[in-house]
């Protein structure tokens, strides 16, 4: 349960909204119980008066007080139910905002290595299913449980006032047993099953996405049918486990209702004894048993919530594990730079977790406005070094200081959005004229000028509507639009032929003038113009 603590701390940062929302839920429940109890009292009193009149005994009944009370409880219940739904829905949206903001802050401070440990399908599960499991903690678990305990206590007080202390204690004991069955009992019987089912649902979701993404390969290999059949077997296993969990929740719900009904029967039996002794009237006799039956609505919400608590804890554990911050992942500071330096690396080591170091005792100093190239064969650690210089990979040792930078990674990353939206990530204030000028330098202006939507052309998933070279030039244009004084380019001309590469490199010179540039490539012909070149060995 400690896995929930970080997320519960977020929820309890809004105590005012939680208290108001809880009050609205409580009022709705109490008005519902009151409506049921007064209705039973009024019906019983009417029946008794009818029997007395039939027997020739003069009797009167006050229709106005119970009738008015019934209308009051009915209207109040409706009003408070509406207010509760609106207010608590808004509260849940605010809590969801808090959770998502906190989650993305964690992700932004996590190392690129950790973010790369999970597939896209797994991240989709984290950011949707796992977050959804947390955003209703308040409405599904915290508020109903607290209010069920409070309403139970109030009903015990009502039993003590209307009947006697002994009856109140017996009724309270039965209600406490019902509450334990509906909460802790359900959790203890289902938490392992719910956690395992949560993991299997994620595995199934991931497998389905991989099946869709790999459909061409599966078709080419003639394995589509077998893989689909395997997915169906996994889905049946998930369904079977869900049925088992639902069965256990159902039995506990029935048990809780059985004890609530037993408490109503006990209250009725005790009421008959008090009625015979003249301590209570007939209508009052049925008021408490019917009020107890109204508790079924309070307890009915709990078993399902506690049946899913195991899955919620599993979701919180996955988010805590995969989205934790890295203490070493703070961006390198420019405050430690000597005058005239744009980047200074002193005695740094580059190392991936669980692997031998790529570099040790690496030193590099770059002057403001200097353009350097770093060459190395495949596997020499160029991209890892670029990640370190950009602050995406923490150093295993040493100190790194640099100015604000913009980074073109070796892998071309474009978002499923328009050309304009992708370019504006580099410079949100850029005008259309600036965007077209940049596209001209990248030799893409003519390509998009012929599109019907021009700058608003949709690029597709990961830029799927573009060729590899076109996508690379769009990503390069986005980087060059950024005003950062330090530019890091990892294999900037991937996918470009030699002639195009030479022309683009020449056009980049004016854009990069006055900036500090670090370019990394496997060969000198893949570098833009440089002042000096460093060769990596390893």
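Even glycines carry a Cβ here, placed using N, Cα and C.
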Check: Given 284-302, 303-321, 322-340, 341-359, which one carries TrEMBL's transmembrane segment label?
Finding: 284-302
Next item on the list: Name the residue range among 169-188, 189-208, 209-228 that TrEMBL annotates as transmembrane segment.
Entry: 169-188
Checklist line | Matching range for TrEMBL feature annotation, transmembrane segment, among 237-257, 258-278, 363-383 | finding: 258-278
Check: Which one of 95-117, 118-140, 141-163 shows up in TrEMBL as transmembrane segment?
Finding: 141-163
Notebook entry, point to check: Which of these ranges is annotated transmembrane segment in TrEMBL: 49-74, 387-412?
Noted result: 49-74
